[in-house]
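Chemist: There's a structure below that I have some questions on.
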Amino acid sequence: MSAAFDSAARHPAPACLPGTRVEVLSLLSDWLDKDGGSPICWLNGLAGSGKSAIAQSIAEKYAGQGRLAASFFFSRREVRRSTAQTFFPTISLQIMSFFPSIRPAVLSAIDDDGSIPTKILREQMQHLIQEPLLSLKESLSSPAVIVVDSLDECEHDYMVLELITLLAELLRACTIPLRILFTSRTESHIQAKFNEPEIQVMTHAMELRAFNAEDDIRSYLKHSFGEIVERHQILRHVAAPWPSEHDFNSVVEKSSGLFIFATTVVKFVEDRHHDPRMRLGKVLNEETSSDPASSAYTDLNILYLDIICISPQVDHCQLLLGVIRYVSEPISIHDLDILLNAPDVDVRFVLSALKSVILIPDNEDEEVRIYHTSFGEFLSNRERSKDYFIDPDTHHHNIAQLCLQLMVKQLKRDMCDIRDPSKLNSEVEDLADRRKRYINRATSYSCRYWSFHLSRVPHNGSLDASLVNVLREFASKSLLYWMETLSLLGELEGAVSTLHTAIHWLKGLSEVPADVLQLMNDAVRFVLMFLDGIAQAALHIYYSVLPLTPTSTLLRKTYDDELIGTFTVLSGIESDWDACTRSVTVKGCVTSLDFSPDGNMAASGSDDGVQLWNATTGNNIAKLGMPVNPSCPVAFSPSGSCVAAGYDDGLVAVWDTLSGLSLVNNKECHEKQVSALAFSSSGDLLASASSDASIQLWDVKNGRPLRRFSGHSSRVSLLMFSSDNTNLVSGSDDTNIIVWDVMNGRMQHMLKGHKDPVRSVAISPDGAYLASGSDDKTVRVWDARTGTCIKILKGHSKSVQSVQFTSDNLHVISACLRLLDVLLVDAAGSLVKSLVSSPTDADGRALFSPDSTKIAYWGEDSDLHLYSSSTGRRLDKLDGDIDDISCVAFSPDNKYITAGLTDGTIEVWDLSSNKRLVKVKSELPSVTSIVFSLDHTKIACGSAKGGLRVLDALIGHTISKFDGPAEQVTALNFSRDGELVAFGSQEGSIQLLHHSTGVCRPLASKENAMSTAIDFVEFSDDNSKLTCRNTDGDVTVWDSVVELNGVDGEESGPAEKDETCNIESLSPPLSYLISRTEDGILGDSLFRPGYVLRKDGWILDDKKKLIWLPPSFRPTESKSTSLIVDGDRLIVLGVSGFPLFLNLAVLRS
């Protein structure tokens, strides 16, 4: 709220002196008070002409009348006031106070999406202002007022123009009377925007130069000089009037209509430590330029030079002015002292001579500010400031070095003395007080802006060397502490752009310091991978993130000492960073993704609609259109300025990516779902295709359909423009490819030959060849000029989804649906190389051996691997190749392991030699559950169709068969004597089989069946009870299970349920279990509470947060094989497809 008219940060804000600017204020009041008329007023004029004072006076007047809805005073001297990104959140807070009835709507929007303040301006306005105003219950008798001052001081011209556009749209959509006053310099881009027809009709423009300011300046000077006479005793003995009429008129003349000159003179003359007569004389004795072409600021320049040159310590003065001029946000005298770390510089003493141009508060904790923008501009202009020029290169260098030195000195581990790593930042009740106590504002400033100043330093040998040295010290000593501090400040998301800026600067050096650059690159990957966890809990940089950092990275090696007191990763992390830089969790299934050509933005299509993302940080930028999943892949235009999507109802939509403005929104041209989209290389044209076999060409700029292409008989699945945009190529489910003339829509060639639908097409860079891939598993190369097929390539195992020419026109690369099945073909169609993957499974599962020394890991598409549970090292491979594994079991004596396959095969290995003993078909269609008997001589296995088999474990012959109801067997176990087999199903039923006699009976009738699938069954030692559990975590204990033993051919009724209980109520001895809750996966040993892996990545011991895992380390879903626990050892099966072995003993001690 520092941008509001009454913000303490702007105090004392300049306003019009009573009796001045009467005409301008009267005209503005008339405009604001009357009904009807233009809803926008643009007040423009030169810098220093009093625009902000007028805006302040209007804001104060209408706030006093209860009509000021909001205000925003831009200032390039403060980062938060120099960007439009903070405009709508700030305005929304004020409007919410003005219209209390919209408060629920605003808060609801923020609750639904807390990232709104980071999104594009259109999203912000829509969710924070426009939509909430629809719920408005208050009524207004007079227009409400919004004041927006100094548009020209907002960074990025395009954002200024977008802001004006959006506020004009808000006024058009608004049902309440609303007026907006804009002020700015007469910048060409701003003037052009207000002159656009749709905005010009809404705007009343006022130019300050049309108003004679001389009388107002006379009134102001007369009043101010009168106050000086009253305050200075020395003037009481001077003959009146003082100053003389001649001198007074000279000051007015020198002001040249600029209030800033007049106010600066007053501040200069009124200094109580100097004789006002001498100071006024200095102002009057400087010669005014007689050159008509001289700058309007000539006299102001002379005045500023006079002020600076009287400073008693010019070197110190320039040092301080350099810092004050170039810091990104104002800092206090106290913080200047800390930042400079120069005992010989008396900050207050030096600045006291500059009171006429620098606002110096009495309180040393309040910010020091340049009084007016014109003084900062004067300092930065060598021609105007001459010997007192504040060179930006030198002073940005100084500030960057000071920031880095301060961080090295101040930052440390556990910066705010929280001590308890189990607490999230939000759970530290007094965190705000701790931040004030432990992180001074100079350190906070340094953490946020050091790389900004670094980026402004041009590469120069001597300057580079000193900066590189301090940057190396920072990177090798304080990098983690810096990230922790940003987390505590709530500024961690800015870390990535800060690091990228530093990396860019380092790469520009003539001799790039490899170690510093590598640490910075590692830090980028570190933050991106672990951002969500660090942002939640700062201390988990050390307790979660660093232990999971790839072991061979320089950052991990450099900060290895910080691992004290953390858990141990036995195995499962890579030695270096992998290809994935950032994982972001989104709602619904993402069905398409495209990157902007510059790589800075990503567009996704999902159940939540089309969304734009920052490709570096993963932040959501915008939600575009309806919350409906597009029917075809989203597509960026070649410039990245537009993104397109198509929908099931035939709608084609295109948006401007900067503003979110809809450019095309038409569903009249396609009768069925849109199936493909393609932009021309210029981005001016868009082609859309549909399941109705039609193709439509669009003019993107005007949003109009141009022409329709007809020729296919079935769904058109792909489109591509030639590089010169003269041809459009389409592929269809009708197996044909058509080359079209874009200008007239005529068919040039129909390429026939594929036997199944066409899935991919490519045009060579020189336009001479086409390549296509199809469901028929072939790649065809075509002569683009004649349409004849040159070569047919067979070699893919599945549908060819992608073909691409290399840039030299010599090769075609094709890929099919298999995880990695790529063929490299020359342009004539001859196979050069085939790349086939060794599949990995991101949905893997794992199991401890009974003695906890080994872990078996497998997936349906990967081999069976064994690991040492103490070291995480992979053990020797088992004999044979195994695919399509469904379930695995160890023998109770740890000597054997068996696997059930999806094709019904059973395999058994001897773990002492890794030799395969048995490989036999079980006669089951698939094996979904398997277990050894206690004496390891028998194996029981169940299938997806409800069948069950008992086999001899060492030779593989079938001992017993049972084919029951067609319900998938999800859990089974032998009784202690090996005679009974209990098994549970997907539907929650539990049955007991005497495998020698074939007698089977249900333990639970359908009415008493458990509500979800059974995932655990186990007999008590005396076989008198059976404990079962379902996937909801409900546990039941059954009695009388032994009465089936020895019964010959008779079936009894359902057994009695002894008890139903919660996990916590059961006592040992029972086997290790895994269960789930709504929040995540619960690992419990002996039915007692244990570790929990929540869906948000936190591993808990009871309720204590121990570790945060990033998405890439988490399981894809909450299932019983995703987390395995043995004492303090955890194995987590994440989406990477490889198990992560953790030892948490240190954390529990």
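Glycine too: its Cβ is placed from the backbone N, Cα and C atoms.
Quick paste from TrEMBL:
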DOMAIN    39-177  domain 'NACHT'
REPEAT    590-623  repeat 'WD'
REPEAT    634-665  repeat 'WD'
REPEAT    667-708  repeat 'WD'
REPEAT    709-750  repeat 'WD'
REPEAT    751-792  repeat 'WD'
REPEAT    878-919  repeat 'WD'
Chemist: Quick test of the contact rule: Cβ under 8 Å, at least six residues beyond the ends. What residues does that give for the repeat 'WD' (878-919)?
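Modeler: Long-range Cβ neighbours of the repeat 'WD' (878-919): 845, 847-851, 853-854, 856, 858-864, 866, 925-932, 934-936, 939, 941, 943, 951, 953-956.
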Chemist: For the repeat 'WD' (590-623), could you work out the same-chain residues 6 or more beyond its ends whose Cβ comes under 8 Å from its Cβ atoms?
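Modeler: Same-chain contacts beyond the flanks: 113, 115, 118-120, 122-123, 493, 496-497, 500, 528, 531, 582-584, 629-630, 632-636, 638-640, 643, 645, 653, 655, 657, 660.
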Chemist: Quick one: average pLDDT across the repeat 'WD' (709-750), no decimals.
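Modeler: In the predicted model, the repeat 'WD' (709-750) has a mean pLDDT of 93.
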Chemist: What residues in the same chain, six or more past the boundaries of the repeat 'WD' (709-750), come closer than 8 Å to it by Cβ-Cβ distance?
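Modeler: Here the qualifying positions are 675-682, 685, 687-691, 693-697, 756-763, 765, 767, 770, 772, 774, 782, 784, 786-787.
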Chemist: Pull the DSSP breakdown for the repeat 'WD' (667-708) and write it out as helix, strand, coil residue counts.
Modeler: 0 helix, 22 strand, 20 coil
